[in-house]
Amino acid sequence: MAAHGSKKVIYAALAGNFMIAVTKFGAAAFTGSSAMLSEGIHSLVDTGNQGLLLYGMKNASRPADEEHPFGYGVELYFWAFVVAILIFAVGSGVSIYEGISKVLEPHPVSNPLVNFVVLGLAFAFEAVAWWVALREFRSTKGKRSYIEAVHDSKDPTVFTVLFEDSAAMLGLLVAFLGLVGMQYTGWLWLDGAASIVIGVILAGTAFLLAFETKGLLIGEAADPRTVAAIERIVEANPTVEQVNEIRTLHRGPNDVLLALSVDFENTLTVGKVEEAVYAMEIAIREAFPVIRRVFIEVQARQHHEKMLAAELAEGEVPGMTLGTPADGGGAATDANAGGSDAGGPPS
């Protein structure tokens, strides 16, 4: 997903949530509604979260340096995880606490009409921000289901905003039902109960966001279709006997680290291997600009299989091993070679 598209979604949500937070807090102070106060806290937390996502995007775009040779792309995933924690600790925690307090010591809400007007305006603002996020998300979803698209996404910014706005609209509906129920039944505790339900909704949202961003923070592989296409590019080189293994790692939405183990023809000179590695790297980067680093290990098939067996014996999970030897494996020496970024073995 393009960075400018993600920023557009975040800016739309930031503006909407700030206006909504001010309106909700004003209504809560005027009417004394616990549910409205919870909604104000919710919108304030969302506003801060969008600021953190923008901060993460800015820091993630910094160039690599000596201390961080692979760049800062993972920082976006870190701040997205922080957002999930804040939604749970601040948004959910305060809402549930406020709700319990009002259930134990209920009091009437004055000027309920003000609350209903504010809820209607807030729903309209949230709907606009939600639609912007949904449209951006659908542009990259393809034929996958929404659940699959979220799980496969390497850009947490848009689905974070989409989750937040969905939770906000659901929370507004709960606040509305709580206020209506209180007005018609006279049960004052319904206002506090609505606040508790809003807190539970926020807790569920935080859990989903934490679950999805955790995988990105630990490190996820590139899309299987991308890996398969890389295999085809490498195998198209006439000097290649076998692609032993491909490992990929997303360090950001548009930053992929690629490690390859390749068995070349045994008769090649070192110079020919270097030329082949360079050609492969150029072809891969042209096909997939998101691949920023390429490491290619020159390794005989049988040597690679021994290394995999050693990893399994030590309890490590090997990466993706592709194909079968065309002629029982080459006899190339186990040496490293590569282009500008060629290096050691995939890890």
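Cβ atoms are placed via backbone N, Cα and C, with glycine included.
Nobody curates TrEMBL annotations by hand; they come from automatic prediction.
TrEMBL annotations:
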- 11-215: domain 'Cation efflux protein transmembrane' (DOMAIN)
- 223-298: domain 'Cation efflux protein cytoplasmic' (DOMAIN)
- 320-347: region 'Disordered' (REGION)
- 76-96: transmembrane segment (TRANSMEM)
- 116-134: transmembrane segment (TRANSMEM)
- 167-187: transmembrane segment (TRANSMEM)
- 193-211: transmembrane segment (TRANSMEM)
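Below 8 angstroms of C-beta separation, residues 17, 20, 33, 35-36, 38-39, 42-43, 46, 109, 112, 115-116, 119, 122-123, 126-127, 130, 193-195, 197-198, 201-202, 204-205 of the same chain, each at least six residues beyond the ends of the transmembrane segment (167-187), sit close to that stretch. Here the transmembrane segment (193-211) has Cβ contacts under 8 Å with residues 34-35, 37-39, 42, 80-81, 83-85, 87-88, 91-100, 102-103, 156, 160, 163-164, 166-167, 170-171, 174-175, 177-179 of the same chain, all six or more residues outside its ends. For the domain 'Cation efflux protein cytoplasmic' (223-298), residue counts in helix, strand and coil come to 30 helix, 31 strand, 15 coil, using DSSP.
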